[in-house]
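Written below as structure tokens is the structure these notes are about.
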Amino acid sequence: MASSFCPKQALSFTNSTHQLHQSRAIPRDIHVRFPAPVSSPSSRCGLKSKATTRLKVLATSATKVMDHSSSKASSQAPTVVEVDLGTRSYPIYIGAGLLDQPDLLQRHIHGKRVLVVTNTTVAPLYLDKTISALTDGNPNVTVESVILPDGEQFKNMETLMKVFDKAIESRLDRRCTFVALGGGVIGDMCGYAAASYLRGVNFIQIPTTVMAQVDSSVGGKTGINHPLGKNMIGAFYQPQCVLIDTDTLNTLPDRELASGLAEVIKYGLIRDAEFFEWQEQNMPLLLARDPTAFTYAIKRSCENKADVVSQDEKESGVRATLNLGHTFGHAVETGVGYGQWLHGEAVAAGTVMAVDMSRRLGWIDDSLVQRVQKILQQAKLPTSPPETMTVEMFKSIMAVDKKVADGKLRLILLKGSLGNCVFTGDYDQKALDETLRAFSKS
């Protein structure tokens, strides 16, 4: 079942972002059930009520049903989802034209010095607009920028040093603010630089890809890759705010857009069945970049992510469930070489493998397997790993996965009806071996 999916073919492989269409112990076995809408805590019976009430939706959401034709988005008051972490809580602003609303960014700047970290693809599109948003009506603020090469293959210590070099050469002090302008790679590296520079400085996320907007910019995971494993070096470090200007998706290549949808689909599978069913009905609108549909999908994804992070910031339990498909997927990214497959593409293939293993364990029925395959295909994502991956490659790479404890690989698997999952190391090894053999060469 190895994949013939080719990076140079489908609208689908790393953060080759915008081009104009031109160690805390984790419990061994955590069962999680998350029913229906995140925005209605009273209807959710799978989480502790105290935890669910933490999620604050501070503005009106996008229309839920997308049967009508799309309407042109324009600058307006953003939807706001808050990540509740006590004194370190922060808002996620979501909407069109937000980079044209300077106050949203300026209220979160510390001091008078700002360093914008971006890449060679995003800089020509949005760097000037971002600098204007940071300085408009605020002449006391000075902005430096560092433009990094674009791609997952550059998410390493050598590239990270360029950020530190610029900060030190510019003599930035502890009251400066780092701003991440780009996709997940830029957000992860800028966040890690902010966590490390002078032992921690202010940090703002401006994600410009679907992947970053619905997942990586929220929750404070920062870091870089190591040749032996993805995201092995990093820190938990929360931003002051996340500003999601949905207009930035207008310049996102189709392949990058599809990659981000893998994380959107994940939320529905592990904790939000209603959202998954909505995606099944509205995937064509998402692929067509319908602004109303996309705003809703981003908002709903951020609500799910914020809810989990507010309960388990440092992944000591329930937050691990957000890694559905990631253990197999990270093995693919590492095995084929960083940058060959996009993160979402690898996660999609990994999700199919996790679902296959869940079925082999007798935890889900065939109909759910088929629904997962269908929605990923609709999203133009791969449903099996590349042909070059072998069983031994999977095993050796997954042996150093961050979720390994006491020599046991723990996985996120589906169990029961749609929207239910389990994070566990208590499974029949035979099922894992059978899945690996089914999807890769011996």
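Cβ coordinates are placed from backbone N, Cα and C, and glycine is handled just like the others.
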Candidates Glu169, Glu263, Glu434, the one Swiss-Prot lists with His326, His343 as binding divalent metal cation: Glu263
Inter-residue C-alpha distance, Thr209 (NAD(+) binding site) and His326 (divalent metal cation binding site) (nearest angstrom): 19
Neighbour-count leader, CB within 10 A, binding-site residues: His326, His343: His343
Sparsest-packed of the listed binding-site residues (Asn119, Thr209, Thr248, Thr251) - C-beta count within 10 angstroms: Thr251
